[in-house]
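A.B. asks: I grabbed these lines from Swiss-Prot:
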| type | residues | note |
| --- | --- | --- |
| CROSSLNK | K126 | SUMO cross-link |
| MOD_RES | S2 | N-acetylserine |
| MOD_RES | K5 | N6-acetyllysine |
| MOD_RES | K7 | N6-acetyllysine |
| MOD_RES | Q105 | N5-methylglutamine |
| REGION | 1-22 | region 'Disordered' |
Amino acid sequence: MSGGKGKAGSSEKASTSRSAKAGLTFPVGRVHRLLRKGNYAQRVGSGAPVYLTSVLEYLAAEILELAGNAARDNKKSRIIPRHLQLAIRNDEELNKLLGHVTIAQGGVLPNIHQSLLPAKKAKPGKASQEL
């Protein structure tokens, strides 16, 4: 006759994180803590950190996918700040979102103004054949 709480009859399940419940990789608990400590509002609802975490995870995945494509185009296997810069500046929506953001070691987009390019000359042989 044992009177204490034993492990034999215990059917407690392991706790699941809010990130796992929402199907996210980024930490919902950490975002909730940062929202509370950041003095953004007196109270923070339970759905707000889940929503914010999912938005952050989506943005990170989008940028990393485009940067990975830029790295593959340059025949590199490692993403560097230059690839992030190319990915963000070549995407219209990301460029609008991060327009005033400076990426260290990102460089600039290759662009030569049309007036600086040499003028194309018409081929004389082609004009005589059209008549």
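Think of each number as a place in line: the chain as shown, counted from 1.
Positions of Cβ are set from backbone N, Cα and C atoms, glycine also.
Help me see these features in their spatial surroundings.
C.D. replies: Reduced to three states, the DSSP call for Q105 (N5-methylglutamine) is coil. Within the same chain, residues at least six positions away from Q105 (N5-methylglutamine) with a Cβ under 8 Å of its Cβ are I80, P81, R82.
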